[in-house]
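Annotation comment: TrEMBL describes 12-32, 52-85 as transmembrane segment. Sequence annotations record features per position, and here TrEMBL assigns domain 'Amino acid permease/ SLC12A' to 17-130. Sequence annotations record features per position, and here TrEMBL assigns domain 'SLC12A transporter C-terminal' to 139-214.
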Amino acid sequence: LARSLAANLNSVAALQVNFFLAAYGLINFSAFQSSFIRLPGWRPSFTFYNQWLSLVGTGICAAVMFLIQWGVALATFAVTLILYLYVSYRRPDANWGSITQAAVSVNALRYVQGMNKVEDHVKTYRPQVLVLAGHPGTRPALMDFAHLMTKSSALLVAGHVVRDPLRFNHRMLFMQRGYDWMRRHRIKGFYDLVENERFDLGARALMHLSGLGK
C-alpha cells in the first residue's frame, strides 16, 4: 500500500509476479498429484494434457520465481508455508477432499494388497485381537488388557453386537463415540458394529468380517 501511494508500482511488481507464479505452480502440482494417484474425480478434458507436463510446469514456476528475485521468492515460499501450517493447526471443520487424504487411501490399499504376497513367519508374528467388549467404554479393563497385548503394533478390533436394528444416523453416532473413547484413552485400533438378534451369530459375523488370521 505504501508503494502504491508513492506511485512506485515497479517496486512491488516482483512480489506480485512471485505470488502469481506460486499460485500457478501450486495448481500445476495439484493437477500432477491428482493424476499420479489416479483421483476418480479428476478427469481433465484437455486433449494434450499430461501429468508430467504439470510437474515440469511446477518446476518452471519455481525457477522463474528465483530468477526474478531470489529474496522475494524465499519470502513468498515462507508466507505460503505459514498459511499452510496455520490452516493445518486450526483444523477447520471442513472436508475438502484433499490430495493427502486420497494419497493415504491409495497407499493403504497398496500395502494391504501387498500383504497377500507375504507368507506368515514365526519371527514376524503379531497377535490379532478381537475384543467382544461392546462399546469400548463399558469394559475399559478388557480394552486395556487387549491394548497391552497389541501395543499399537498389531490388529486390535473392538467388536460390538447390537441386537436391535439401528438407523444410519444412530449407527454413525455409535461409531463416533467408540472411536472418540479409543482416541481419548490412546488406544490404536478399530471399532466395528454389527446388528443381530443373537449374540453368537453377531460374534461369528464379527470374526468373519474383521479379517482375523491374516
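Backbone N, Cα and C define each Cβ position, glycine as well.
Per-residue confidence over the domain 'Amino acid permease/ SLC12A' (17-130) averages 84 (mean pLDDT, predicted model). Residues 14-15, 17-19, 21-22, 24-26, 28-29, 31-32, 35 of the same chain lie 6 or more positions beyond the ends of the transmembrane segment (52-85) yet place their CB under 8 Å from a CB of it. Counting residues of the domain 'Amino acid permease/ SLC12A' (17-130) by DSSP class, helix then strand then coil, yields 79 helix, 2 strand, 33 coil. With DSSP states grouped into helix (H, G, I), strand (E, B) and coil, the domain 'SLC12A transporter C-terminal' (139-214) comes out at 39 helix, 13 strand, 24 coil.
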